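Take a look at the structure below.
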Number of protein chains: 2
Amino acid sequence: MEKPYCIQIFIIFISIAVFIFGCSTSTTRQAFANTHRNTNIQSSPIIDTPVHNSNHHLTNTPLHPLDPLTVPEINKIRSILAAYEPFSLSFPSINTLSLDEPEKSQVLSWKKGDPLPPRKASITSVLDGQTHLLVVDLDLNVVTGHVVSIGSGYPMLTTEDQTTALEVLYKDLEFNKSIIARGVDFNDLVCGSSSPGWFGPDEEGKRIVKVQCFSGQNTPNYYMRPIEGLTATVDVDKREVVKITDTGRDIPIPKETNTDYLYKTQSQFPYNSETNPMSMEQPKGPSFTVENGHTVKWANWVFHIKPDIRAGMIISQAMIRAENGEYRSVMYKGFASEVFVPYMDPDQAWYFKTYMDVGEYGLGATAMPLLELNDCPRYSYYMDGVFASADGRPFIRPNIICIFERYAGDIGWRHSEIPAMGFDLRESRPKVTLVARMVASVGNYDYIFDWEFQTDGVIRIKVGLSGMLLVKGTPYENIYNISNTEDMTGTLVSENVIGVVHDHYISFYLDMDIDGPNNSFAEVNLVKEETSPGQSPRKSYLKAKRKVAKTENDAKIKLSLYDPSEFHVFNPARRSRLGNPTGYKIVPGGTAASLLDCDDTPQIRAAVTNNQES
Amino acid sequence: MEKPYCIQIFIIFISIAVFIFGCSTSTTRQAFANTHRNTNIQSSPIIDTPVHNSNHHLTNTPLHPLDPLTVPEINKIRSILAAYEPFSLSFPSINTLSLDEPEKSQVLSWKKGDPLPPRKASITSVLDGQTHLLVVDLDLNVVTGHVVSIGSGYPMLTTEDQTTALEVLYKDLEFNKSIIARGVDFNDLVCGSSSPGWFGPDEEGKRIVKVQCFSGQNTPNYYMRPIEGLTATVDVDKREVVKITDTGRDIPIPKETNTDYLYKTQSQFPYNSETNPMSMEQPKGPSFTVENGHTVKWANWVFHIKPDIRAGMIISQAMIRAENGEYRSVMYKGFASEVFVPYMDPDQAWYFKTYMDVGEYGLGATAMPLLELNDCPRYSYYMDGVFASADGRPFIRPNIICIFERYAGDIGWRHSEIPAMGFDLRESRPKVTLVARMVASVGNYDYIFDWEFQTDGVIRIKVGLSGMLLVKGTPYENIYNISNTEDMTGTLVSENVIGVVHDHYISFYLDMDIDGPNNSFAEVNLVKEETSPGQSPRKSYLKAKRKVAKTENDAKIKLSLYDPSEFHVFNPARRSRLGNPTGYKIVPGGTAASLLDCDDTPQIRAAVTNNQES
């Protein structure tokens, strides 16, 4: 298949089952879960948080075809939309508003100094329960595309959608009775509006959320104090409560004891570290530069990077310098395309927890400012996100991406010769890499995304999971009370608290353009060969057999330990000195298969996880 | 199974097939292979290389039951052996000589200040073609155990064995003719004695090596200039050449062009880095101490560490401090137990390359001094190896282990709250860990072994592969010359050079003693459950089902992606506050199954790789 080619690959996180032993001192350290409580995310226009050079946003102009929309551009789009006839009576709610990227060919042919290709915005908005997909041309000052969506799916939840759900619920009499019955003071009530999953016709055609609540009494870690079994289904378009389920009145709200995570309240090691201070030292400063706010140059790499409301961080046009000094294309675009997090509990209050964090909440929308020195080392460069809120106004989320050089005491390459025959050699080169990091706090969960670039050409994507567990209340205080622990859907991790079994499937979009856009995909099977009689004292050996995918379907991969393969993306038209095609090997990190039934609605929705690459 | 329990686990390296594309600029950076050329390893008694406090070795006394044998102890053992009647005529060749560790119970009951349990040495030696296994009691000054081995297997090759093989070969007329026929100047000849594998009766009962040679003309990287097809089989006990195979006279010796790896000869990036200097900064110094040369205390950890001629580095009695200040046992002993490296080429000159680097060469025996700042960061503590050479005399290999604190700019734990309901929290804690590192240069290959300790209780074992490829000569200069690339057993990586497909299976011995020696092993299967009709809108979910191994056989694990499991070692008698048993989860890193035929001799010998844990 020699045509432009993209890969969806999983780097799968297997925090599948959480078994917390007494020996593990890290209960609150184990990343775990999702309440997806995203109310009141910063959405005021142009916040005045002290940010390095934040004022430049007010007058910023794009300088590269892929640069994100600027504050002036977003303001202009808002004016265009406000003047657009179909919205003259009522301005729609903006769910996403971002650059409609030019065609790849336009981007590739653009050179520094050229005028930018036409700037366009792609907008998803809701008006009167209908989803409008719009394209605005910023040069022509008009809406050039407008489709009312009648297909499946819903736009990303806005902060306002989520706040609406809570406002509606807080006025509901039945809900108020339930809260009083649980003995929770309204001042301590913390509620979050959670995506409802997709379970066929019952809730279809409605934009709904499931609201669940916690007690924030005496703790910052209300996630550990669920009001179990109370679930309100709220229609955010109709602004009405659809249903309230209240099944867990016999389940106590877990106490706040032992689950406060604040450093200042931790007297115990390891929460309070006993180690001496430590940092990176770069006496001459870092070796990378960021040109025009988005183009990173470091060692032999250059790439474009930008925050994105949905993907969090998009790396584009990654190129590596060849021996003749020219930059060679490696990847046109790469980003986290989806995060699927199904919880494994069929209970009324839990069955729907089958989150798709990227499409439902947005990794950029949930990225909070990084903490200097703790989230990123010294000499980091920080980048702000410029996004649009539901009313179409721009806002700035400061410091959501950091870029830094990493030295971890590791060895890049080394060799020692044995001192014989005159070869008394020891050579070792320390490893220094470049990291671009963003962290999405999707409710209780913090996903740390690192893209790491090595001078030898390797690009490494790492995802760290941190934050708090999503837990289920239970009447049990210890496992001796439990008659059959086999019935539990998770592990008792504190008194009255169960950590429910779940998975995280993280999939990445990688549009590799190795030495140009025409790349192929090969599966290289490692196959056992038998020797013929008398050929060798060996009976067997393994051989690499290369199969080039002719169709996209050929490139769907189910990983197998006992029938292993490598996966190569290569450019058949570009050859090395020896005649080998240029290419990259795609190496999955943690790997896992989804065990859900293929016909189960969450798995149908997350069918991308049926294969490990596609 | 509630009895003392050890685990063999693989952390398997899958550098299975090496496909070097033109785009990869790292040909000589890719770790690859093994010629196992170990001649003339440092074996002179007490070298005078400048080492921090190296003189203390001369008078060193052991202070912990597990401390390795000291210089005075090795000298004493030599005297005891020299006076031992069976060796009165001829001193045997010492293959390994190391501490015969006391029983675990003796070690566990020992306290600082107590006299040490009796010091004993375990010795493997060869005399007149027979293998003698000896135990020497250093308190009683006698040999207390002496068995002549009649079982299968051979002792580790000594430097002297390997040197002997070369001496014998260099005198062989046929060999000399072959070298002259290849046009190699004897001054450029570099030969290595390689272990022969095991292929049934033909070579059985003889201690043989396979010698192969390279041209070192105009390059330090003679590994890239093989004299292909020339293989000498030498009996090291009988000191005679058994067979010479010379099949590759039509294969040119690859040129030295493009394969010199020396930094000083590299003008091209990435070999010559363009990045600014960078290091760790610890203004108050590191936070760990090393007591009595072997007991490391850092943060909440304490453990004993020592160099070992075979395993390279042994970690013992790793304990973590509990909240009440007491140390709790985690692991009694952990080390790399074997490295199996089968090459996948049935050719006469290649079939036998099925190395077992630990048992054949020794990771400690091939560990060369670490390069300060390049192999290990600033503030590292270095530890010397004290070993015995074939004549029983002690020698010191300086700086073969380094211990350092690592800060990689990573996040230990973090969480951002969404600024709602008064919870405007951002907390992030940088990750600092402790690393113990040793590097074994088993011929062309450098294995970097890191044991990393985290304050949250995690122990992480990492293995990095570096050094040079083991390559096969070929008449082909580029792939256009090759009629059928399917026939190749590897990839053309330079002119006349094939990188042969191979695997690295690295297995670890982990004797976990979690809160005491009586631990159990559980396989936790993740199993799909179907909901009953009407129970839930969900059709399926997965459940963790725990199966405690009753026999060692139960604990043999074949990993499966589609029938996944977790692996827990736990102490059923020690419970947390909630009643959960204390334990650790064993998480395999890279995983792979051996595809060799189970009846093939290399696989029979490396049967430990049939399962991923056992």
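The backbone N, Cα and C atoms fix where each Cβ goes, and this holds for glycine too.
Keep in mind that TrEMBL annotations are predicted by a computer and have not been checked by a curator.
Taken verbatim from TrEMBL:
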TRANSMEM  A:5-22  transmembrane segment
DOMAIN    A:64-142  domain 'Copper amine oxidase N2-terminal'
DOMAIN    A:155-254  domain 'Copper amine oxidase N3-terminal'
DOMAIN    A:279-611  domain 'Copper amine oxidase catalytic'
ACT_SITE  A:D357  active site, proton acceptor
MOD_RES   A:Y445  2',4',5'-topaquinone
ACT_SITE  A:Y445  active site, schiff-base intermediate with substrate
Which of the three DSSP-derived classes (helix, strand, coil) applies to the residue listed as 'active site, proton acceptor'?
helix
Report, in whole Å, the straight Cα-to-Cα distance of the residue listed as 'active site, proton acceptor' from A:Y445 (2',4',5'-topaquinone).
10
DSSP-assigned states of the domain 'Copper amine oxidase N3-terminal' (A:155-254) in counts, ordered helix, strand, coil:
30 helix, 28 strand, 42 coil
Per DSSP, the domain 'Copper amine oxidase N2-terminal' (A:64-142) contains 22 helix, 24 strand, 33 coil
Taken over the domain 'Copper amine oxidase N3-terminal' (A:155-254), the model's mean pLDDT:
93
So for the residue listed as 'active site, proton acceptor', how many other CB atoms are inside 10 Å of its CB?
25
